[in-house]
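K.L.:
Feature table excerpt (TrEMBL):
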- 1-53: domain 'Rv2993c-like N-terminal' (DOMAIN)
- 73-251: domain 'Fumarylacetoacetase-like C-terminal' (DOMAIN)
């Protein structure tokens with residue numbers, strides 16, 4: 001099942017879509033906080049504008065240096081994370097805006113895990129029980145003189161966390177075997193699988209919960225492989241994870 005957040009005209013809905021169907025069934029309320037109940041409205045996928053499938057109520061916590069090199073494949077003793085505010089989140093086709101203080105920005109395709117239950121100090125074995133679903137994220141980073149070490153300025157600016165296009169709800173065991181890639185204007189820059197992560201996706205989510213209490217709607221970004229492209233105004237970056245789909249965002253300077 002796929003969960004969508006979308007607009008039709010001035011109205012915003014949550015909805016569900018079954019595999020291989022373009023039929024979107026609108027729901028009453030947010031399915032993260034209530035039993036999914038149809039509201040009687042049905043749309044075709046090409047009638048709606050997709051929005052970020054979830055707006056985190058609290059935070060986005062992001063894994064750093066989580067993908068393996070040839071000589072370092074084990075889960076780290078001291079995993080590193082950083083935070084993005086919920087104001088960093090945008091949806092499909094929304095513009096990534098270069099901050100005025102940055103010389104350049106880069107983007108990274110990442111698997112984003114959405115939490116459904118308040119939790120703390122999880123074991124990896126408990127993680128599947130607190131996950132609502134997963135989607136695609138683009139972890140955008142600002143670069144320039146004086147920015148090294150300033151994580152908020154580099155990682156937390158508005159529009160630095162595109163999410164979408166849909167929230168995939170399935171068997172959590174699938175997340176360790178997903179293929180992903182990123183491209184800019186059709187040229188591929190990153191390519192990998194989630195099986196290349198140090199340890200497992202569940203270990204990274206559990207580690208995040210040892211640092212901070214995870215709340216319903218919180219998002220855990222799980223990191224990426226090398227090759228992040230530098231982005232310029234006028235370009236479009238596409239992040240792809242199968243079977244979720246593609247997340248594309250234009251880049252603008254203002």
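From the backbone N, Cα and C atoms, a Cβ is placed for every residue, glycine too.
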K.L.:
Using DSSP, tally how many residues of the domain 'Rv2993c-like N-terminal' (1-53) sit in helix, strand and coil.
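P.N.:
Once the DSSP states are binned, the domain 'Rv2993c-like N-terminal' (1-53) shows 3 helix, 28 strand, 22 coil.
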K.L.:
Which whole number is the mean pLDDT over the domain 'Fumarylacetoacetase-like C-terminal' (73-251)?
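P.N.:
A mean pLDDT of 97 is what the predicted model shows over the domain 'Fumarylacetoacetase-like C-terminal' (73-251).
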